[in-house]
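Engineer: Below is the structure I would like to discuss, written out as structure tokens.
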Amino acid sequence: MGSRDLISSLPDEILGKVLSLLPTKRAASTAVLSKRWNNLPALVDKLDINDAIGGPGGFPEFIDKTLALLTNSTTIKRTSLNNEFQYGESQVNTWIRSFLERGCLQLYLNAQSLYTIDTEFFTSNTLVELTITGGFSPDGLLPPGGVFFPKLKTLSLVLMTFVDSDMYELFISGCPLLEEFLLRNDEIEIPPVWNALVSSPSIKRLTIVHHFPNYREAHDGCWFRTPNLVYLDYSSYVPDWYEVDLGSLVEARLDLRSWERLRDEKAGGYGDCDSVYDDEEYPDDPILGDVTNLVTGLSNIKTLHLSPDSLEVFYFCCKSMPVFHNLLTLSFESAKKEAGQCCHFSSISLLT
């Protein structure tokens with residue numbers, strides 16, 4: 001009894017779903033199996049393009065052929081582009097433009113080399129989720145009307161910089177439906193260019209990681225103009241001041257990092273609130289940073305998570321401590337006694 005090719009007898013729609021689960025280079029290679037499979041790669045709705053599979057040889061040609069196959073395909077739900085090797089900048093921009101023109105819903109861009117994305121075409125009426133990480137740096141003219149992504153709801157910028165710091169604000173304002181925003185900038189070797197401003201009436205979940213201890217000037221101030229924000233995860237060295245609008249905030253996770261003089265390096269860690277400083281050793285050294293406005297803006301939240309650094313900052317860098325009338329859950333990595341000395345709550349459940 002001869003063998004039967006059962007999988008080839010499946011409907012095209014099912015085979016397209018199966019191929020979508022494979023790395024795109026593997027899925028494209030099935031076109032040589034038989035005539036039955038010649039056009040099936042055009043049915044995939046997810047692209048996973050990674051030059052780590054097979055190396056850089058022939059990689060640009062492979063992408064060009066793949067995009068040609070998808071000319072008449074259905075909407076691409078998700079596209080992931082991972083570049084470990086260097087390619088021509090105009091070539092990479094052409095690929096990104098093609099992904100967006102094909103109605104991509106989710107786009108993930110990652111590169112080890114540096115590329116400048118031409119923002120004049122960096123726009124989409126269908127994209128709902130965008131992640132940019134690594135060497136990509138948007139720059140150039142704004143798209144017509146200044147709106148990049150009218151349907152975008154989730155934006156993640158990881159280790160990515162804009163040439164112009166004001167582009168952060170313009171980029172966010174160009175996403176009128178944005179609900180989730182993640183910004184991570186903690187590469188010590190790269191000078192920070194974020195303007196320390198998040199302003200959006202639509203953002204509900206915000207994650208910020210901003211660590212530049214060697215650039216004190218990057219921490220002059222910080223604005224959170226986010227009236228509908230319900231969740232905040234914030235990690236940064238303490239700036240000199242805050243301006244916040246957090247009236248809807250329900251939960252906050254804080255990792256507020258003190259500057260070098262707040263560290264008890266001799267003890268190999270952090271001492272208690274009364275022993276971190278030696279007034280005789282640092283008689284004229286001012287305390288850097290002020291979190292008073294930030295803490296006041298958190299006074300209506302229900303859940304608060306604090307790092308040990310945050311407790312130190314609350315103690316030394318907050319001029320007045322509000323009462324947290326609505327707080328139900330407090331978690332922190334320290335002794336309950338220390339937390340009680342620094343904060344005042346009405347009715348809470350302590351988790352340590």
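In case you wondered, yes, glycine gets a Cβ from its N, Cα and C as well.
So Swiss-Prot lists the following for this protein:
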DOMAIN    4-50  domain 'F-box'
REPEAT    101-124  repeat 'LRR 1'
REPEAT    149-173  repeat 'LRR 2'
REPEAT    175-199  repeat 'LRR 3'
REPEAT    298-323  repeat 'LRR 4'
Engineer: If you average the pLDDT over the repeat 'LRR 4' (298-323), what number do you get?
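Structural biologist: For the repeat 'LRR 4' (298-323), the model's average pLDDT rounds to 91.
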Engineer: When secondary structure is assigned with DSSP, how many helix, strand and coil residues does the repeat 'LRR 2' (149-173) contain?
Structural biologist: 8 helix, 5 strand, 12 coil
Engineer: Over the span of the repeat 'LRR 1' (101-124), count residues by DSSP class, listing helix, strand and coil in order.
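Structural biologist: So the counts come to 1 helix, 13 strand, 10 coil.
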Engineer: DSSP says what for the repeat 'LRR 4' (298-323): how many helix, strand, coil residues?
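Structural biologist: Helix/strand/coil tally for the repeat 'LRR 4' (298-323): 10 helix, 5 strand, 11 coil.
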